[in-house]
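Undergrad: Pasting the relevant annotations from Swiss-Prot:
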- His42: active site (ACT_SITE)
- Tyr45, Lys84, Asp496, Gly533: ATP binding site (BINDING)
- Glu86, Asn534: Mg(2+) 1 binding site (BINDING)
- Ser87, His88, Asn89, His90, Arg109, Gln238, Glu310, Ser311, Gln312, Ser536: substrate binding site (BINDING)
- His88: active site, proton acceptor (ACT_SITE)
- Asp110, Asp266: Mg(2+) 2 binding site (BINDING)
Amino acid sequence: MDQKTIKAHKISDSEYKKILEILGREPNLLELGIFSSMWSEHCSYKSSKKYLNGFPTKAPWVIQGPGENAGVIDIGDGMAAVFKMESHNHPSYIEPFQGAATGVGGILRDIFTMGARVEVNMNSLRFGDVIGDSKVNRYQRYLVKGVVGGIAHYGNCMGIPTIGGETTFDSSFNGNILVNAFALGIVKSDEIFYGKAEGAGNPVIYVGSKTGRDGLGGAVMASDSFNEENKSLRPTVQVGDPFAEKLLMEACLELFKKGYIIGIQDMGAAGLTSSSFEMAGRSGSGMIMHLDKVPMRENEMTPYELMLSESQERMLICAKKGCEEKVKEIFAKWDLDAEVIGEVTNSGNMELFWYGKKVADVPIAPLSEAAPILDRPVKKPAYLDKIASGNLCGCGVSKISNKEAFDKIFAEPEILNKNFIYDQYDANIGTNTIKKPGFLGAAAIRVKENGVNLCMAMDCNSRMNYINPRIGAALAVAASGRKVAMSGAVPLAITDCLNYGNPQNEEVMWQFAQGCEGIKAACKALNTPVVSGNVSLYNETDGVSIQPTPAIVMVGTAKNALLPSHFTKNGVNVYLIGDTKGVFAGSLYMKVVENRITGTLPEIDFIKERALWDLVIEANKCEILEFANSVGVGGVAITLAKMACIEQIGGNFDMIVDDDRDIFDESFSRAIVGVKNETEFLKLAKKSGLKFTKLGASGGETFKINEISVKIKQLAEIYFNKFSQIIKGETF
């Protein structure tokens, strides 16, 4: 095998030597392509697995943790929630509409392949600078429109509600946006299916759309960094057909009720290669596949193309012997291809044939269960010492008034209502949505089968992760859990999408290692295990890595009514729970007012964090709260302002602070609550041991906090309209 071909497949010298040892010979081109895909960062987690192994993954309510298509938790009365988050960053930067659309399609398949009907779509998005008229600004606005359009197209056509998410902006994402897709489904606990292929002689059946040449090398592309040349890689981005996926989902859900199959796997990254190797690998089996029997969309396709294509809307099934025709009948009813292309063996090898000729023979375990694990060097980034020594705004650096600061921060795209985005999503289809986009806090659905309210919240502060990757990642867990708890639900488990830069950079690997330590510590302390997730590395363009972004989704349940996260009526007494400590490192104030990222972060007090959750959950059970919201980006002032805008209810608030600017501080573990019964609330609050302070009351036509006063109609006009104007290029 010539060096040019080996390098083109992103195989290192040491990896090629390992391939020779495994095979005892030179690989052919097809085998090299298989090794390249299965050992890619995207499929093998070779740089990250060392750190992921320490995550807490078990709890009495966890049915399935990491290692399957998605995680599963018990939500009571014989029902389970199946959920996962994944990235489609690289494809979405190259071709935003199709990249984002197929990201949605891929995560939906991960859910319904477990036997669950998908009920929820959410997304975590990061873009660069959208304000201004530079080439970069215009391109970022184009990416926003394309990504949102792709998400809306696929989710709406599938009939699955998109009910929440988060979207933020920073120049570190100018060359590498992030598109993380989350989905959740509901299934009976005893009707879950897994990705396995066992039982020698059982047939292997290809179902779904035909295979074309789209997406070739996608897994390898997602394991590489960007430069200007990568923008020409549109042919490697898959093209999705949500209507075909809708048919595939319904066909699979019908099939699951019949008892015809052993296991099923989505054909995602690396297509037929990953699905076949993963199914056989989990079961310790072998497999024979006849590639000439694969349904093809294009002429003269080769075994290499068929194994590595990432054409969408396809599944691989291991059926019970004798049930082949029954399986095919179901898919024919839904106008989908279903062809027996092979069978399970006991050989432990993947044997591939092309019109009767063996074209590949590869041991399965070294590719699926025993891929190389790298121990990359780590080094604390030099920039951390520099930013840790900088002056903070609390030291009197800022020269503008609090009103000027408020106006600047409130007009930031990160703060503004994202109705331009969520108005494109159907959030109500399925009639289960009870908290949808635009209403702050966690999203929520009703599970009709058992009456449980299921809450989901996303969070990650990339700036704080840049300042301290360990504390920043832990904060993402805590903050997502806090949002769920502020709805009155009990946080149960997380899924994650760990977005970092180039792992070949030892400073990036240090960030990643620290981030994993933070997640591990937070999940253990808060008793919220990790049940699924994804790692996205090589988020780098021209040598510039993104800010670390370990996006977290927390899922929780409540049997009682959920709390709103905004002002619902006049005359409600409003309290702040938690300590204000003057935390400005990584804050939006620091970015917007002072145009820098400086300082150090305090440790998170997980005991106080959990106490805050428990206080609000208990208060909601006792029906003594009117609303509750986590204090987030922009601090108390901005959080209150957003809560006021939703129903245009003003408020009069006085916050006693050590420094005037502390109304913008972003201290952890704080909440704002509206109290219906002060006597009972004060009893619970005192019992919790947490600090609590009365801020004032909701009501009126003016929003006032300390010296800041603005008409609520004026505030709402900015909040609901400015983001759309920015993305349309109407205002800068």
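Heads up, the Cβ atoms here are built off N, Cα and C, so glycines get one too.
Each of the listed features needs to be described in terms of its position in the shown structure.
TA: When other Cβ atoms within 10 Å of the Cβ of His42 (active site) are tallied across all protein chains shown, the result is 27. His42 (active site) carries a helical DSSP state (H, G or I).
In the shown protein chains, 23 other C-beta atoms lie within 10 A of the C-beta of Gly533 (ATP binding site). Mapped onto three states, the DSSP output places Gly533 (ATP binding site) in strand.
Non-local contacts of Glu86 (Mg(2+) 1 binding site) by the CB criterion (under 8 A, 6+ apart in sequence, same chain) comprise Gly103, Gly106, Ile107, Asp110, Asn180, Ala181, Cys497, Asn534. Annotation note: Glu86 (Mg(2+) 1 binding site) sits in a strand segment as assigned by DSSP.
Within the same chain, residues at least 6 positions away in sequence whose Cβ sits under 8 Å from that of Gln312 (substrate binding site) are Thr102, Gly105, Gly106, Ser209, Asp214, Gly215, Gln238, Val239, Gly240, Asp241, Ala244, Glu245. In the three-state DSSP assignment, the secondary structure recorded for Gln312 (substrate binding site) is coil.
Long-range neighbours of His88 (active site, proton acceptor) (same chain, six or more residues apart, CB within less than 8 Å of its CB): Gly99, Ala100, Thr102, Gly103, Gly106, Val179, Asn180, Ala181.
The secondary structure of Asp266 (Mg(2+) 2 binding site), as reduced to three states from DSSP, is extended strand.
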Undergrad: I'd like the Cβ neighbour count for Asp266 (Mg(2+) 2 binding site), meaning other Cβ atoms within 10 Å of its Cβ, all protein chains included.
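TA: There are 29 such Cβ atoms around Asp266 (Mg(2+) 2 binding site).
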Undergrad: By a simple count, how many Cβ atoms lie within 10 Å of the Cβ of Glu310 (substrate binding site), its own Cβ left out?
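TA: Step by step: centre on the Cβ of Glu310 (substrate binding site), count other Cβ atoms within 10 Å, giving 31.
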Undergrad: Compute all pairwise C-alpha distances among Tyr45, Lys84, Asp496, Gly533, the residues listed as binding ATP, and give the largest one in whole angstrom.
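TA: Taking every pair of listed residues, the largest Cα separation comes to 16 Å.
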Undergrad: Based on Cα distances to Asp266 (Mg(2+) 2 binding site), point out the closest of the binding-site residues Tyr45, Lys84, Ser87, Asn89.
TA: Lys84
Undergrad: Can you tell me how many other Cβ atoms are located within 10 Å of the Cβ belonging to Lys84 (ATP binding site)?
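TA: Counting Cβ neighbours of Lys84 (ATP binding site) within 10 Å gives 27.
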Undergrad: How big is the gap, in Å, between the Cα of Asn89 (substrate binding site) and that of His42 (active site), rounded to a whole number?
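TA: Each residue's Cα considered, Asn89 (substrate binding site) and His42 (active site) end up 12 Å apart.
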Undergrad: Only counting partners 6 or more residues apart, tell me which same-chain residues put their Cβ under 8 Å from the Cβ of Ser87 (substrate binding site).
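TA: Looking at Cβ-Cβ distances below 8 Å from Ser87 (substrate binding site), excluding near sequence neighbours, one finds Gly103, Leu178, Val179, Asn180, Ala181, Cys497, Asn499, Asn534, Ser536.
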